[in-house]
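Worksheet for the structure shown next.
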Amino acid sequence: MGIREFPGGAPRGKTIAVGMWRSPDVSPRRLSDISPQLRQLKYLVVDEAIKEDLKWSRSVEDLTSGPVGLTSIEERILRITGYYGYQPWAASYKREERPRDSPAQAAAAAEAQAASGTEAGGRTGRFCWRCSRAQLRKAFWGVAVVLCVCASWAGSTQLAKLTFKTFDAPFTLTWFATNWNFLFFPLYYAGHVCKTAEKQSLKQRYRECCRFFGDNGLTLKVFFTKAAPFGVLWTLTNYLYLHAIKKINTTDVSVLFCCNKAFVFLLSWIVLRDRFMGVRIVAAILAIAGIVMMTYADGFHSHSVIGIALVVGSASMSALYKVLFKLLLGSAKFGEAALFLSILGVFNILFITCIPVILYFTKVEYWSSFDDIPWGNLCGFSVLLLTFNIVLNFGIAVTYPTLMSLGIVLSVPVNAVVDHYTSTIVFNEVRVIAIIIIGLGFLLLLLPEEWDVWLIKLLTRLKVRKKEEAAEGSADLGSGLQNKNRRTRPSFAR
């Protein structure tokens, strides 16, 4: 903005030409940059042509309103120069060169502007309000999923502990619960029929999901090369976990199983060549230290050492399952994951059934009669484990994956409270420290890969905001001093 200078100050009533547009890149940002012009703004009168052209700008509309203008002279120049984000010269220039938009384009532009952030004056757009409501709904579902994961995992662990008091057969319990995996795909198809407008037949949906295994679909070769190994890993993971519950308390079992996150990171780093992250290495070290301290908490007795080894083996099998799945099969959609888990149930029925039979006749896992089997506990454990796997695999559709992982950590204090009232567990200092260390390592593993970049951006924003607040404070102080000097001096001289 060009201002015509008058020697000795501008005479009252003269119009100062404001005709040249200035680029926003060179607009002043501090009062010290424009201090020579402040003395002449007392007599500033905007040219009528410019005023008419920029009448939409609030800073120009209010320049001559009232007996002495809008507010102080400093606020006028700060608005005109774009200090508050207003750049009337740039907006007016773009309006002159841009063709007039149609109503539909104007509506689309308004919607895009609302989606990009907040409106002028700090008011949130309608679209942003909808986004925040969607995020709030997703967070609400996240809380529900966390509670569901925590309740199902802790409940299945406690119910398995209760079942072994009358039914000492961990492998048979594993086989019985794995058979329920067959229900994954039928439950998914029922949800597909209820939710999707374009419904497909069961056969069409099955064929579409079979493309996950390749162009030829689910052949016999694919079944034995890609499904059977995961069926073995699934069985080993659950069997070692249940067998460990017989040896040690459920609190130690649940907290030690959280180490599988650290094992997944180490295997992914070695096998999948994932990105190296120092914070995850620290988390893996914390997990290993927690395992050692948990072993030391009971004095390195053979009974507890075997139980801890079984849990660590279960966590290792779980990590190997996840890494191999990503290596051999990649990522699966909901229908493909449901079909894969149902195939694991079929594999368990066809090829694992012989093992419980052999264990029964060899009296390794023996029960006197079928009437003595606690069918209620077996079915309850299977339902809770099925619920846990359903929520863990399909909960990502309604919430964030990190929230679902928190449910596994929250099951540790739940099991600790139950063990405190139902068993003779001793929460000494070593056990408590081991639980805290493993839990901290698990939480560190939940950090996203770009957490350091986000942290740097947050710190930078805080520093910039602090500098802006300090600049505004000094500007207000300088404005007050200049107003005081203007009241004491009758005229200005350059």
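Cβ coordinates are placed from backbone N, Cα and C, and glycine is handled just like the others.
Bear in mind that TrEMBL entries carry predicted annotations, made automatically and left uncurated.
Taken from TrEMBL, the feature compositional bias 'Low complexity' covers 104-115.
Taken from TrEMBL, the feature domain 'EamA' applies to 141-295.
Sequence annotations record features per position, and here TrEMBL assigns region 'Disordered' to 100-121 (among others).
Look at TrEMBL and you will find 471-494 (among others) tagged as region 'Disordered'.
With a threshold of 8 Å between CB atoms, the same-chain residues lying at least 6 positions outside the transmembrane segment (139-160) that come near it are 173, 242, 245, 250, 253-254, 377, 380-381, 384-385, 387-388, 391-392, 395, 398-400, 403-404, 406-408, 410-411, 414-415, 418. Positions annotated as transmembrane segment by TrEMBL: 139-160 (among others).
Per TrEMBL, the feature transmembrane segment maps to 180-197 (among others).
For the transmembrane segment (218-241), the residues of the chain that approach it from at least six positions outside its boundaries are 170-171, 174-175, 177-178, 210, 253, 257, 310-311, 313-314, 317-318, 320-321, 324-325, 328-329, 340, 343-344, 347-348, 351-352, 385, judged by C-beta separation under 8 angstroms. TrEMBL lists 218-241 (among others) with the feature transmembrane segment.
Counting residues 6+ beyond its ends, the transmembrane segment (253-272) has Cβ neighbours under 8 Å at 153-154, 157, 241, 244-245, 280, 283-284, 286-288, 290-291, 294, 307-308, 311-312, 314-316, 318-320, 322-323, 326-327, 405, 408-409, 411-412, 415, 434-435, 438-439, 441-442, 445-446 in the same chain. Annotation source TrEMBL lists transmembrane segment at 253-272 (among others).
Positions annotated as transmembrane segment by TrEMBL: 279-297 (among others).
Tertiary neighbourhood of the transmembrane segment (303-325): same-chain residues 229-230, 233-234, 236-238, 240-241, 243-244, 246-248, 252-253, 256-260, 263-264, 266-268, 271-272, 291, 294-295, selected by CB-CB distance under 8 Å and a gap of 6+ residues from either end. What TrEMBL lists as transmembrane segment is 303-325 (among others).
What TrEMBL lists as transmembrane segment is 337-361 (among others).
Long-range contacts of the transmembrane segment (398-418) within its own chain (CB-CB distance under 8 A, at least 6 residues past either end) are made by residues 138-139, 141-143, 145-151, 153-154, 157-158, 250-251, 253-255, 257-258, 261, 391-392, 425, 427, 435, 439, 442-443, 446. Look at TrEMBL and you will find 398-418 (among others) tagged as transmembrane segment.
Nonlocal intrachain contacts for the transmembrane segment (430-447), taken as residues 6+ away from its ends with a CB within less than 8 angstroms of a stretch CB, comprise 251-252, 255-256, 258-259, 261-262, 265, 279-280, 282-287, 289-291, 293-294, 296-297, 402, 405-406, 408-409, 412, 416. Taken from TrEMBL, the feature transmembrane segment covers 430-447 (among others).
Across the residues of the domain 'EamA' (141-295), the predicted structure has a mean pLDDT of 89. With a threshold of 8 Å between CB atoms, the same-chain residues lying at least 6 positions outside the transmembrane segment (279-297) that come near it are 252, 255-256, 258-259, 261-262, 265-266, 304-305, 308, 312, 428, 430-431, 433-435, 437-438, 440-442, 444-445, 447, 451.
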